[in-house]
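**Student:** Dropping the structure in here first, questions after.
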């Protein structure tokens, strides 16, 4: 009996041991299957097999995390929120588009990398990957300008991105990285592009993306990797940190936009601008049948009007290339997360705000598309040429992500033409296929899409309602749709336009030289009139007002400017200062982290030595230096000239007032009643109290304060004192002080 008992115990232990081995093998197989889902094919291309069971994938985008030692709550919230959210969403990819760390001092003036922030980022991401249950290989993080502050070269001791980022740890060393997510029906190519400076300056002169010709060539190659090599259609998405409005041209004057239009990508996902400028930081780019060269200075509307129609239905006709640029909100202050889906080639997204509320249920309608942000060239062409794919159009579709069991999903369509939202369709949606993941479910409902064809792109609106097992109702945002492929108009606010609609790299020199030329003309033209043409303009001549009425303002301006020219210190001081700003260094400072080496800045950028054997000097940071150059010229130099001119005019008017009340003018002036009235009006401003002068002194104080703040910020940013920028810091205040002193001394 003892033998039999021992045998039973042995068999029990053996079964238990086998179960543990089987469970371990199962875990290894699951882990292995996850790993090979991101395998590399024979051509070196990374390919992930999507496990959704549909011609459907979705990815997550995060941007501008700005982990900071001064704001630990950013990393704490990221750890607590993003890991569980990714576990619920279970995306095919997680894209983190730059500014992983903050790199700023507590006063936000000194900008250089802090290794403690990078150690925190590494730790948080390890925890997020673990809590999400996702494979680390599907995470792609990019370098932003904050991740490049003061880095002299990639691989240097201060290049913490290469050491602590996921891309660095996964061996993704290039500036361009591609990954393909494949379903049974389609390939989805994602290409990340890092356009940060090859030599990273400290902020604030590190603000723009700088693609090189080599990078653009590599990007072109990666985007074309499946061209003519795949029987399946390919949807192309690119992602980076900088919006195109904050991206410079390459040396050959090529741009990212050129490459994106060439390959007709669906969308470019980016960050950088946060949400403080607005929530509609989106821009539609369109070739319009013209050269793809990116020479336009402005785009006044979010969508270019030329993208509306392409009715050439002949075989092989080329469609006008277009793509969307979608900047997303930041994690830094707004705790934003984006889910983007590609459903049978249709691209849609939803932006989530984890700051204002928890996201128990997330709804992402995938068809019909939002007519405000869909790519209309292809949709319009399919409608006009009747190439619409029935299986793609004949259902309303949505993905629902929920922590609780979903018991009901209802699609509603509203007609806004009566002037209010009139419900015209309400239908329950059915779950499609098996569970795509633990928290994501795909729903659809058939509909007669032909009934919703309309020439108005925003007549019909779609809303999805979800009810979970706890009775909680969740509504999606109402969005317009257009079966016809027409686009709804969305206007930028002023703030949105100035950051998305202006091509700053192309605008820098026109703005700068326009301002400098105007200033030079202000000082040189009146001087030439005095010296060369012997033409004099005085206060007496302006008061006489002889000749056409239009000459009055001209005479006034010329009188003031010529009076300014008669003050040699002021005239020579400003003229020399303008030439100094054009031809000489503005200041010297430390642009690299803890290097101890100083370099100097001009209007063409910072001058640094190249890393090659010849050690040539090169200019970097153009147009980034515009954040220092333009404000100084526009908001310091020009206002100081205006104040100086006003002080000169006030001085002459006060002298004229003194002469009038002292009886030094001729009798005809004394008995001229009209002149008496004008003299009385002038006395209100130019009496002994000199109210106009006092107002100018207040303006001068405001100007001094503005200039002092600029100087202090630059000194903190680049570790300078007044010795390192005497011209920049002292000339304007001293000239202004001299004029104030001269205006006080009236003979």
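Think of each number as a place in line: the chain as shown, counted from 1.
Cβ from N, Cα, C; glycine included.
Keep in mind that this is a model prediction, so the values were computed, not measured.
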**Student:** Can you identify, from 507-533, 534-560, 588-614, 669-695, the stretch that TrEMBL calls transmembrane segment?
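**Tutor:** Matching range for transmembrane segment: 507-533.
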**Student:** Which range is it, out of 569-587, 702-720, that shows up in TrEMBL as transmembrane segment?
**Tutor:** 569-587
**Student:** Which one of these stretches, 1-20, 21-40, shows up in TrEMBL as transmembrane segment?
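**Tutor:** Of 1-20, 21-40, TrEMBL gives transmembrane segment for 21-40.
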**Student:** Among 507-533, 625-649, 723-741, which stretch has the most Cβ pairs under 8 Å to the transmembrane segment (569-587)?
**Tutor:** 723-741
**Student:** Cβ under 8 Å, sequence separation of at least 6 from the ends of the transmembrane segment (723-741): give me the contacting residues as numbers and ranges.
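**Tutor:** Answer is 567, 569-570, 573-574, 577, 580, 584, 586-589, 598, 632, 636-637, 640, 643-644, 647-648, 697, 700, 703-704, 707, 711, 714-715.
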